[in-house]
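Novice: Starting off with a structure, shown below.
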Amino acid sequence: MNIFRLAGDMTHLASVLVLLLKIHTIKSCAGVSLKTQELYALVFATRYLDIFTHFISIYNTLMKLIFLGSSFSIVWYMRRHKIVRRSYDKEQDTFRHLFLILPCFLLALVINERFTFKEVMWTFSLYLEAVAILPQLVLLQRTRNIDNLTGQYVFLLGGYRALYILNWIYRYFTEQHFVHWITWISGLVQTLLYADFFYYYFHSWKNNEKLQLPA
């Protein structure tokens with residue numbers, strides 16, 4: 001554990017709490033992509049298959065439980081909650097996220113560190129997480145109506161991955177034999193997908209304007 005890893009975890013946790021705050025208190029999921037939330041639920045479900053068989057620390061297990069529970073709770077809210085689901089913009093959230101799942105799974109079968117079930121699923125979760133934000137970004141571009149909480153959620157989500165890259169750089173120079181190309185490349189791709197959003201987020205913040213993405 002180092003400061004960059006801890007900051008990344010806390011930023012990731014903050015992003016989830018911001019989204020849950022919006023959904024639970026405002027009873028609205030307007031501007032939130034169900035497709036992206038379903039992808040994240042699948043990411044955590046396939047990444048944490050060892051949650052009850054491989055103990056690392058209380059902190060590690062607690063974070064796994066939080067991300068698993070929160071991701072499936074958000075999906076449930078958006079699909080089943082009688083009030084929240086009414087605000088879901090199904091007509092705009094049309095990204096075919098299933099077409100992201102199959103290529104990521106096939107890539108995990110071909111490029112992995114060890115060809116075992118858990119390792120392939122873990123690798124698949126990395127590839128899928130790298131592109132899971134795409135439906136959300138497309139939705140924001142289509143609606144062009146980004147409320148503060150949704151904007152903060154996406155910003156924090158991108159910030160978490162950027163901090164993890166700093167964590168990897170730090171560990172590369174402080175730990176021997178710390179080389180994880182699959183994790184690094186997936187994380188870099190994921191961060192680059194946020195670049196355009198970051199630009200417009202900081203531009204709106206600097207000029208005290210409402211956040212809007214170009215169509």
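Note that Cβ sites are derived from N, Cα and C of the backbone, with glycine treated the same way.
TrEMBL feature annotations, pasted as is:
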- 55-77: transmembrane segment (TRANSMEM)
- 98-115: transmembrane segment (TRANSMEM)
- 121-140: transmembrane segment (TRANSMEM)
- 152-170: transmembrane segment (TRANSMEM)
- 182-202: transmembrane segment (TRANSMEM)
Novice: Could you name the stretch, out of 98-115, 121-140, 182-202, with the greatest number of CB pairs under 8 A to the transmembrane segment (152-170)?
Specialist: 182-202
Novice: Against which stretches of its own chain does the transmembrane segment (98-115) lie, if we need a Cβ under 8 Å and a gap of at least six residues from its ends?
Specialist: 39, 42, 121, 123-124, 127-128, 131-132, 134, 182
